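Accompanying notes for the structure given below.
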Amino acid sequence: MPIRFSANQVLKRNLNPQNSPKNHPSCVVQRLIDIASQGKFKFNLKQAAESIDFISRKGIRLDSQTVAFLLKHCAKSRSLTEGKWVHLHLSNGRKRLTALLSNYLIHMYSSCGDYKTARKVFDKMYIRNLYSWNNMLSGYAKLGLLEPAERLFDQMPERDVVSWNTMVISFAKNGFHGKALSYFAHLRRSSIAFDHFSFAGVLISCVKLENVGLTQQVHAQILVAGLLSNVVLSNSTVDAYVKCGLIKDARKLFNGMAEKDVFAWTTMVSGYAKSGDLKSAWELFSKMPELNTMSWTLLIEAYVRKGQGHEALRLFEEMTLRGFQPDQFTFSSSLCACASIASLRYGKQIHARLIKMDFVPNTIVVSSLIDMYSKCGCLDIGRRVFYLTRNKQDAALWNTMISSLAQHGIGEEAIDLFLDMMKAGVKPDKTTLVFLLNACSHSGLVDVGIGIFEIMTMDYDIVADQDHYAWLIDLLGRAGRLDEVELQLEKMPCKPDTRVWNSVLSACMIHRNVELGRKAVKHLLKLEPQESAADMLLANLYASVDTLESLEKVWELLNKRRVKKERAVSWVEIENTVHTFTVSDRSHPLEDEICLVLQHLTGQIEDELFGR
């Protein structure tokens, strides 16, 4: 008859060294328990195998408590191989597993992603309780296997709130919001009492759908149910309001919260930052009782989006000085700030910090590095960063390099890089097509660009959108093929938007096509009646072809609408400080120094052009 040892018996035996020689079975069992309890089970495969094999050969059977303990740690560390060894040991000498051990096995296999074996264990169970059904249902849900989960749910002899919540949350997390709301509605109509987890699932859908009405309804139901004091639900409701753009409602709810954790503060800062209200974002950020890397990063991103790159970099410096460790998103945003103001010096400093920290950048950071060097005029360094990157399986990395080459007018190299991308087995996406059309447009590769557009929309199932057509029309327009431009406008599967008509108008400016230009302006004014850019371009077009009568009419219309041309702003960096100025601006205290810099630059350009 097999010997059975419990964990308690093993511990008692080990208190007396005389009763526990080194290779005594009880020591082996204890060693196995120690390995699991210390989280080392996954990393001692040989030792674990030898231990289980040894105790099995000695005819020892671990008791249910010890087996459950081991299976629990296998599930926690996702140690499938070790879990199978425990299962094998468990099966030897036992005709039928108890419901308790079967449930632990289902949980272990589900946690390790082996849903098929989990289902086999479930199907072999002699007696299944409600926990067994919920356990298997949860396993399917966590693995995103919604169809098997739904079939199992329909077969359940009884259901509780856990069963319903599992369905609501799993469908919401996987983007099937209609199903999630349907299950929630059925739960509310049933006699089963709901809890805060029930609302948590629905709030996921509120956040994802950005549905104002739904968010307000759920908020009202939480309030009536008396669950608004729950921190998780309050945070999720605030987040839903923020995502829906109802920042005032979010702030009102935030102010009324009795307990505010870091997530609530960060959500509100994020809401203000993304809405462009930097003043409110900064005020709330300054009051945060506990700052974190995410809150700093959100504020840095907001300043970058607003075009305030210098302020973003100042925040980055302050963040690091106060001891906060930047993450991938922080570095990416800071590099974008450098690119936006063409600050190579700061960009190199951030790159050096990455190297010094031994930081392993992800694709987003590497792409930001390439983009920064490219926009700061150091394309060769950007190339070097790209080619030194080992893992190039992300299309975003290739897209950034193609875009950099396009910006520098090196269309041929961009096409060659695209071919290398195909050889590497990386599938192009919509963004790839945009950058390729951009590259072809700036390099005059008209027929190549048209060929790429046709191949990618036909062979790669890329559905061309407004961005693609805007660049295709820009490509044709620059080459003067305006008949083909009009043909593409007719073939478009959707109505052209402002991007497309602006491309048409730009082409008309280059080739002085007044007729088509007038048509483009007409559509632009319909789409954006408050914008003055179209009128200004039309005025310039008339001026370029000496149509004085039409030009006078346009200026008369502009004056009636009180349209004023925005003055362009230039900037120059002197001794690490950037100064901005407009045309004919003589008010800057460093006017003489700025003029000297401009004269020096002009001289360098003339030397390059005339070979002096």
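Even glycines carry a Cβ here, placed using N, Cα and C.
Automatic prediction, not curation, is the source of TrEMBL annotations.
Per TrEMBL, the features are:
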- 129-163: repeat 'PPR' (REPEAT)
- 261-291: repeat 'PPR' (REPEAT)
- 292-326: repeat 'PPR' (REPEAT)
- 394-428: repeat 'PPR' (REPEAT)
The average per-residue pLDDT within the repeat 'PPR' (129-163) comes out at 89
In DSSP terms, the repeat 'PPR' (261-291) comprises 24 helix, 0 strand, 7 coil
For the repeat 'PPR' (394-428), the DSSP residue counts stand at 26 helix, 0 strand, 9 coil
